[in-house]
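Trainee: What follows is a structure written as structure tokens; I'll ask about it next.
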Amino acid sequence: MSDRLTLLRPDDWHIHLRDGAVLPHTVGDVARTFARAIIMPNLVPPVRNVTEAGAYRERILAARPAGSRFEPLMVLYLTDRTSPEDVRAAKASGFVYAAKLYPAGATTNSDSGVTSIDNIFPAIEALAEVGMPLLVHGEVTRSEIDVFDREKRFIDEHMRRVVERFPTLKVVFEHITTSDAAQFVTEAPANVGATITAQHLLYNRNHMLVGGIRPHFYCLPILKRNTHQVALLDAATSGNPKFFLGTDSAPHARHAKEAACGCAGCYTAYAAIEMYAEAFEQRNALDKLEGFASLHGPAFYGLPANTDTITLVREEWTAPESLPFGEQTVVPLRAGEKLRWRLLEKNA
């Protein structure tokens, strides 16, 4: 087995960069590995129109490391009031690539999200007309629904209906966490795809809960049981172009995670491709990593694959205990642990 792995440079089709003083840190981490990234719009206030998307894009570009060509692909945050005109303006901008459906209350900064999917059917119809993907956080949010069942219920109550009603709409079922979602995407038409995170390939709920609660494993959708983890590994390593890389890297300051009511999100951008390599290696499927990380996403979005490459080397290194995060610190996933693959820096 080779100790070096060279891939076409990957893209991240789902990431949270946050805003303000933390941008130089989060943008620097993603730009180290990825050429492009789909930027989540759940700021406070959210990115609801092309003007706000353009302003956020400029802040991200200004935070890039010197010499970086990293390209942020902006996303519109859908609300009950998003109009077809908002969608058409976003498409015409040339820098907004998708629109995001957050069910209200589903995750961090989603309070402005959609209260009923029926409210945004005119906007979804416009998305289908202009060829812009709908990105879906697929969880129901009613309090009586068990947190481990919310993804499956969303499929049954909403996803099937949306896919059937808008047969030409490109839909990305984001950060899928269940065998139900993997099966749904596999059986759906070619215009339905899904992203999968590194943490959902490497871990299950036992890692978060057994022997004590580990807040840095807590994300939404929440880690599920091992059988779902296995199904996600099957999907990611299958070579099926419907499945592609989306880290959902979502930083929170240490005090916001290590709290009585901690925030949801795992910070993986600093070593994401290294973690994916571990997951694929566990399945003896490193030959499938380039498709998942570098080819399937661009093909789904109708974009060219990158032409430059990255190289991973099989070399143990210890992840940092913490990383700078503006004036605070963030504890990354795998903090203080050994990783088996290392990205070979260009000047190394």
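Glycine is treated like the rest: Cβ placed from N, Cα and C.
Heads up, here are the entries from Swiss-Prot:
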{"type": "ACT_SITE", "residues": "Asp248", "note": "active site"}
{"type": "BINDING", "residues": "His14, His16, Lys100, Asp248", "note": "Zn(2+) 1 binding site"}
{"type": "BINDING", "residues": "His16, Leu17, Arg18, Asn42, His137, Leu220, His252, Ala264", "note": "substrate binding site"}
{"type": "BINDING", "residues": "Lys100, His137, His175", "note": "Zn(2+) 2 binding site"}
{"type": "MOD_RES", "residues": "Lys100", "note": "N6-carboxylysine"}
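How about a rundown of where these features are and what they're close to?
Mentor: In the three-state DSSP scheme, Asp248 (active site) is classed as coil.
Remark: Asp248 (active site) has His14, Ile15, His16, Glu174, His175, Thr195, Thr197, Cys219, Gly265, Cys266, Thr268 as non-local neighbours, by Cβ distance under 8 Å and separation of at least 6 in sequence.
Around His252 (substrate binding site), the same-chain residues at least 6 positions away in sequence with a Cβ under 8 Å from its Cβ are Thr108, Gly262, Cys263, Gly265, Tyr267, Val330.
Secondary structure at His137 (substrate binding site), taken from DSSP and collapsed to helix, strand or coil, is coil.
The Cβ of Lys100 (Zn(2+) 1 binding site) has 26 neighbouring Cβ atoms from other residues within 10 Å, across all protein chains displayed. Reduced to three states, the DSSP call for Lys100 (Zn(2+) 1 binding site) is strand.
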Trainee: Restricting to the record's substrate-binding residues (His16, Leu17, Arg18, Asn42, His137, Leu220, His252, Ala264), give me the longest CA-CA distance in Å as a whole number.
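Mentor: In whole numbers, the farthest two Cα atoms are 19 Å apart.
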Trainee: Count, for each of the binding-site residues Arg18, His175, the other C-beta atoms lying within 10 angstroms of its own C-beta, and report the residue with the smallest count.
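Mentor: Across Arg18, His175, these binding-site residues, the one with fewest Cβ atoms within 10 Å is Arg18.
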Trainee: By a simple count of other Cβ atoms within 10 Å, which of Leu220, Ala264, the binding-site residues in the record, is least packed?
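Mentor: With the binding-site residues Leu220, Ala264, fewest surrounding Cβ atoms within 10 Å: Ala264.
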Trainee: Can you see whether DSSP assigns His14 (Zn(2+) 1 binding site) to helix, strand or coil?
Mentor: strand
